[in-house]
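A short worksheet on the structure shown next.
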Amino acid sequence: MRKMKAWCLGSVIFFAAFLLFQIELIISKVLLFNFGGAYTVWGAALVFFQATLLLGYAYSHFVLTKIGIRRYRYIHFTILFLALLFFPGRGLPQMVLIQKIPMVVNIFLQLARCIGPVFFLLSTTSVIFQAWFSMSGLPERKNPYVLYAVSNLGSFAGLLTYPFFFELFFGLSRQLNMWRIIYFFLLLLHVAVFMLVKPDKNGAADKELSAPIANKEKWHWFLLSIAGVVMFLSVTNIITYEITPMPLLWIMPLCIYLFSFVLSFKKKPWNPPWLKEKFYIIIAYSILLFFIVQQRVIPVAIEIILQLVLLFFLCMFCQTELNSTKPKDSRNLSMFYLMVSSGGFVGGLLVSWVMPLITAYMLDYLVGIFIISLAMAIANQKIFDMDRYRLRLIIYSTIFMLLWPMVFDRYNFIGIVVILIVLKMVYSELKAKPLAVCLNIGAILCLFSLLSFIWAPDVYIYAKRNYYGVYKVYERRGKRMLLNGTTLHGGQYIGAEKRKEPLTYYHHDTPVGEILLSELFEFNDIGLVGLGSGALAAYGSPKRAIDFFELDRDVFYIAKNYFTYLNDSESEINYIFGDARITMRDIPDNKYDLLIIDAFSGDSIPVHLLTVEAIKEYLRCLKDNGLILFHTSNRYMQLEPVLFSNAKELNIYACYKFKDKSDNEDAFASSWIAITSEPDNFQKLISKLGWSHKPEPGSRASVPWTDEYHDLVLVFEIKNLLSQIRNFQPFYWEDRPLTVY
């Protein structure tokens with residue numbers, strides 16, 4: 001019976017955490033359809049989840065200290081059923097987007113309306129039941145923190161099963177139905193615990209109260225929690241921005257973060273002595289990786305592997321420190337979790353809301369390392385001798401920043417080895433003085449923004465980070481280029497004599513250029529989804545009217561102020577701001593002769609613009625003999641089979657053309673899909689312009705993508721990432737940066 005009681009308590013906490021994280025992924029996937037597939041949707045949604053978690057922990061702390069578990073358990077049991085009155089117990093309410101407020105605030109409000117009540121209730125379960133466990137008559141009650149490991153294991157299971165099972169085999173509706181079934185099972189487990197486990201009348205058996213928690217300890221917990229969240233979110237942003245926002249990539253860093261809790265808080269914690277002894281070397285290598293990621297000197301696949309490995313050790317250090325300093329008295333359990341959840345909320349807020357507004361760079365990773373060093377400095381008892389270490393700090397920081405541009409403007413194996421040795425020496429020397437390490441990292445953080453412009457191999461004239469991405473405008477060899485993340489999104493000659501010539505993916509020699517210049521078609525009304533540098537406006541003429549659909553107003557600012565395609569165009573141009581799936585609803589039927597879908601952030605894919613329902617909306621706006629062009633160039637996703645399958649589902653025509661990079665350096669290799677309901681258009685493309693009626697040979701077949709079901713895992717080209725590793729030559733370096741556009 002004793003094992004049955006403990007099993008029931010652990011099962012409630014496990015399945016509550018499982019459901020909590022499952023609904024996070026489900027609702028975040030729904031939100032992607034309303035916010036342009038932005039990579040920050042997941043990060044912004046996490047802020048809501050952490051805020052609700054904080055509210056749940058604060059509520060738990062209040063009821064445990066003011067009401068007590070013996071009386072409150074009746075209230076908790078009742079409101080479990082009340083949660084069924086809200087989503088996901090009921091259907092998803094209609095999203096009401098408020099256009100005049102920031103995207104992250106919009107996401108917060110939508111989530112509060114949709115899943116706020118249920119998420120709040122589930123977030124209280126772990127703390128409430130740990131307190132219940134600590135006041136039970138079970139022998140194991142002396143260490144209720146073991147159930148915290150169980151909670152994180154449930155979260156880990158919820159995250160891991162979603163992309164590999166639930167998302168892979170079920171649409172959103174069936175996912176929600178299965179979630180409801182598991183929730184009813186959770187209710188039955190609550191009933192079992194209510195009947196089997198009675199809190200002791202006299203409370204916990206240990207009568208001696210521990211000393212009040214010192215403020216320094218609270219700050220230590222708070223900063224460690226901030227650091228862990230900042231680290232995993234910064235890695236998440238980098239990975240999803242480089243590839244695409246999808247649950248599989250969302251959960252990788254989060255799984256590492258949660259698993260570090262499991263290992264640290266389990267009955268026999270995994271706490272190798274070398275983790276703390278060598279931690280400053282891990283910090284040194286993490287800083288080096290930060291600079292490597294900024295300069296793209298090694299393949300993305302290797303970057304991701306290194307980031308995940310170092311993230312594991314950084315998170316393990318944070319959680320091990322939390323476990324070793326947690327309060328011994330279970331009466332302080334709720335305060336401990338309140339500080340941990342407060343730090344998690346502030347960390348999420350910092351990465352998702354604050355950093356995009358105050359810096360044009362992905363500095364989140366370095367900020368996370370800085371906060372870890374700050375937490376260690378606060379916890380350290382030794383007095384910092386500023387006079388002794390001031391000169392060393394200045395010298396170390398200066399040497400590092402001077403070496404950086406000489407080494408990292410290109411891949412240089414010997415240079416990286418030298419930096420590794422230097423960093424190891426620096427942080428081994430300073431490890432006895434955590435505040436010195438903290439100030440050293442702070443110096444690097446402050447100098448980075450300035451030096452990245454001064455020592456960049458190209459002339460950067462503008463940089464901007466917002467909730468949709470990181471944009472840079474730079475000049476190279478007489479051209480001005482727009483960089484979104486690591487992907488070029490257009491370019492233009494600076495000189496007046498050639499500035500009207502579209503470049504990169506939109507050159508005259510590319511498939512889209514051939515169609516727009518062809519006399520086989522007459523395109524008088526054109527809709528373009530995605531503005532970029534505005535290069536396609538170069539194909540304008542007095543007879544043509546162009547509507548640009550653009551989600552991000554900062555892109556419009558860049559195209560207007562740093563490129564001249566829009567101002568030079570002979571067409572009448574209209575700009576429509578907002579997500580194209582939403583704003584296109586206001587477009588009258590049969591308006592356009594041509595629609596071009598080219599809305600990408602880096603290599604990220606706005607899935608909601610590629611589904612069967614989206615194509616139906618495009619066809620409604622298209623004239624009977626109209627044409628839809630999709631730009632499908634992507635390093636990691638094979639989208640052509642998806643669009644062919646969607647066209648087949650709609651009983652319309654699709655064809656494909658890939659133009660490899662020619663001898664003309666102004667024309668980039670690009671892939672395009674054309675979709676039309678008019679057989680004459682299809683025949684012109686096939687017979688006259690050399691398009692293919694089937695995808696590239698070797699392409700995997702795909703099922704149609706719908707708003708209900710789409711799985712990026714199935715089109716993810718893992719072989720492209722693996723080939724980067726296979727082709728990487730670590731002992732070879734070039735005279736230019738290793739950047740793949």
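Every residue gets a Cβ built from N, Cα and C, even glycine.
Some features that TrEMBL has for this protein:
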- 38-59: transmembrane segment (TRANSMEM)
- 71-87: transmembrane segment (TRANSMEM)
- 107-133: transmembrane segment (TRANSMEM)
- 145-166: transmembrane segment (TRANSMEM)
- 219-241: transmembrane segment (TRANSMEM)
- 247-266: transmembrane segment (TRANSMEM)
- 278-298: transmembrane segment (TRANSMEM)
- 304-322: transmembrane segment (TRANSMEM)
- 334-355: transmembrane segment (TRANSMEM)
- 361-379: transmembrane segment (TRANSMEM)
- 391-407: transmembrane segment (TRANSMEM)
- 413-430: transmembrane segment (TRANSMEM)
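Sequence-distant residue pairs (6 or more apart) of the transmembrane segment (219-241) and the transmembrane segment (145-166) include fewer than 3 whose Cβ atoms are under 8 Å, leaving the two stretches without contact.
When the stretches 145-166, 278-298, 334-355 are ranked by Cβ pairs under 8 Å to the transmembrane segment (413-430), first place goes to 278-298. Per-stretch counts of Cβ pairs under 8 Å to the transmembrane segment (247-266) identify 304-322 as the leading one among 278-298, 304-322, 334-355. Between the transmembrane segment (278-298) and the transmembrane segment (304-322) there are at least 3 Cβ pairs closer than 8 Å, counting only pairs 6 or more residues apart in sequence, which means the two stretches are in contact. Sequence-distant contacts of the transmembrane segment (334-355) (same chain, at least 6 residues past either end, Cβ-Cβ under 8 Å): 40, 43-44, 46-47, 49-51, 53-54, 56-58, 60-61, 64-65, 104, 126-127, 131, 148, 213, 218, 221-230, 233-234, 237, 322, 326-327, 363-364, 367-368, 465.
Long-range contacts of the transmembrane segment (145-166) within the same chain, counting only residues at least 6 positions beyond its ends with a Cβ under 8 Å from a Cβ of the stretch, are 9-10, 13-22, 25-26, 126, 129-130, 133, 175, 178, 246-248, 251, 254-255, 258-259, 261-262, 264-267, 323, 326, 333, 337, 713.
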